[in-house]
Amino acid sequence: MKCSTFCFWYVCKIIFFFLSFNIQISIANPQENFLKCLSQYIPTNVTNAKLVYTQHDQFYMSILNSTVQNLRFTSDTTPKPLVITTPLNVSHIQGTILCSKKVGLQIRTRSGGHDAEGMSYISQVPFVIVDLRNMHSVKIDVHSQTAWVESGATLGEVYYWINENNENLSFPAGYCPTVGTGGHFSGGGYGALMRNYGLAADNIIDAHLVNVDGKVLDRKSMGEDLFWAIRGGGGENFGIIAAWKIRLVAVPSMSTIFSVKKNMEIHELVKLVNKWQNIAYMYEKELLLFTHFITRNITDNQGKNKTTIHSYFSSIFHGGVDSLVDLMNKSFPELGIKKTDCKQLSWIDTIIFYSGVVNYNTTNFKKEILLDRSGGRKAAFSIKLDYVKKPIPETAMVTILEKLYEEDVGVGMFVFYPYGGIMDEISESAIPFPHRAGITYEIWYIASWEKQEDNEKHINWIRNVYNFTTPYVSQNPRMAYLNYRDLDLGKTNFESPNNYTQARIWGEKYFGKNFNRLVKVKTKVDPDNFFRNEQSIPPLPLRHH
């Protein structure tokens with residue numbers, strides 16, 4: 001009896017020892033365990049292409065930094081992923097999700113790397129990046145005027161391939177050609193056709209999403225609630241979106257543009273701005289008139305160097321030169337628009353003109369530039385956004401513009417972008433993006449610089465401007481745009497039982513009354529909150545399910 005008891009105790013002790021040892025090994029080597037698991041889904045002998053990178057690989061840092069668009073997040077102290085996967089197909093995404101979940105690693109999904117806070121490639125806990133660079137096909141169906149776009153495709157690739165198939169079709173999305181469709185579409189996505197057709201997210205008709213269980217869902221199998229949520233509510237909250245089906249829209253064979261510079265005393269400039277903010281949102285959908293401001297050094301008539309504010313009034317008009325000049329002279333004669341200020345361009349050349357990748361004086365555009373994923377010169381940047389519902393008083397506008405003088409020359413910029421058009425006609429609950437009727441324009445506050453040691457200086461300038469404009473923009477809540485993510489609005493503490501209460505503070509700024517519906521969807525499809533970041537949609541606590 002004694003021997004039997006002793007033997008049982010001894011065997012249990014040995015089993016406990018080995019279990020403890022294995023648990024310690026598992027905890028100590030999450031990367032090793034992840035790679036072992038992943039080998040079942042991405043066998044190394046299937047393709048010559050390298051799809052998985054660890055910190056010991058020669059090209060790890062070049063892959064990591066290749067699409068980091070904000071150089072604030074390339075320092076040695078920036079958290080780095082244990083592993084980067086670059087899937088070729090949905091099965092590779094499935095494997096990455098299941099293996100990350102199995103070993104307790106977080107996932108960050110990167111499409112184009114333009115996340116303003118770097119949250120598509122940074123985490124404060126051990127994590128894996130799913131980099132979708134290899135999944136960038138764009139398949140056009142001209143007959144149905146639709147396209148399937150993989151989430152690793154850039155906006156430039158989308159515009160290029162649509163135009164290759166039909167010059168009178170396009171898609172309502174952003175200006176920057178290197179922005180990835182994965183994040184841009186799922187956060188809303190506005191651009192040159194916003195007043196005509198709404199956001200990118202308004203024109204998505206299906207999607208392929210890999211959920212927390214590794215299942216691939218389309219619109220029918222995911223259900224309308226989840227399909228609603230991923231169009232403007234941030235797809236990364238609910239899974240990894242592999243592809244989008246988009247509705248293509250009609251564009252004119254030719255459009256007319258101008259971008260005129262106004263260099264004048266600030267009080268005279270503010271009179272123009274005041275006229276603009278009272279009229280730009282009221283124009284018909286066919287005309288987009290926006291303006292931006294930046295400081296430049298000039299030499300005055302006495303040969304002295306001085307810093308001044310340059311303002312640019314820019315347009316896209318779905319019509320001819322004569323019609324645009326006539327319209328501007330009747331509605332906004334103070335701008336003094338002449339025929340010589342205008343250019344007639346094809347739609348694809350209009351996109352290139354405002355893409356930021358060509359010189360404004362260029363007229364010989366090559367659309368292949370839209371396929372260049374490198375994006376040219378990169379910089380550190382910070383950006384915030386406000387929505388304006390009523391005209392800002394001239395005295396306040398003077399102070400706002402003068403704040404550009406408080407920043408280094410050429411670093412700070414403001415963009416005023418009009419609403420109106422079809423945006424007034426779409427319900428604020430049609431998709432999670434709620435910013436619709438009642439908004440007259442947006443203000444983008446931007447700082448872009450080169451030296452990382454100046455990060456805090458420039459970020460603080462943006463914060464100062466943002467604080468000053470508080471009384472003049474949307475209120476209760478002060479609204480924000482998910483694609484210009486802003487961690488100053490708040491972060492979620494995942495260890496806190498009150499993370500819903502914390503998230504509601506910033507969540508209602510991004511989503512308004514749609515926030516609670518997003519929480520309900522999250523609770524249903526990802527109750528354990530596997531897909532999360534500092535500003536992710538939280539599930540309700542278990543007691544509320």
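Cβ atoms are placed via backbone N, Cα and C, with glycine included.
Per Swiss-Prot, Cys37 makes its disulfide bond with Cys99 among Cys3, Cys99, Cys176.
When Cα-Cα distances from Tyr417 (substrate binding site) are compared across the recorded positions Asn305, Asn467, Tyr484, the shortest belongs to Tyr484.
For the glycosylation sites given as Asn65, Asn499, the lowest number of other CB atoms within 10 Å of the residue's CB is seen at Asn65. Looking at Cys37, Cys99, the disulfide-bonded residues in this record, the fewest other C-beta atoms within 10 angstroms of the C-beta turn up around Cys37. Using CA atoms as reference points, the recorded positions Asn65, His292, Asn499 were checked against Tyr484 (active site, proton acceptor), and the closest is His292. Here the Cβ of Asn305 (N-linked glycosylation site) has 8 other Cβ atoms within 10 Å, regardless of which shown protein chain they belong to. Over the domain 'FAD-binding PCMH-type' (77-251) the predicted model carries a mean pLDDT of 98.
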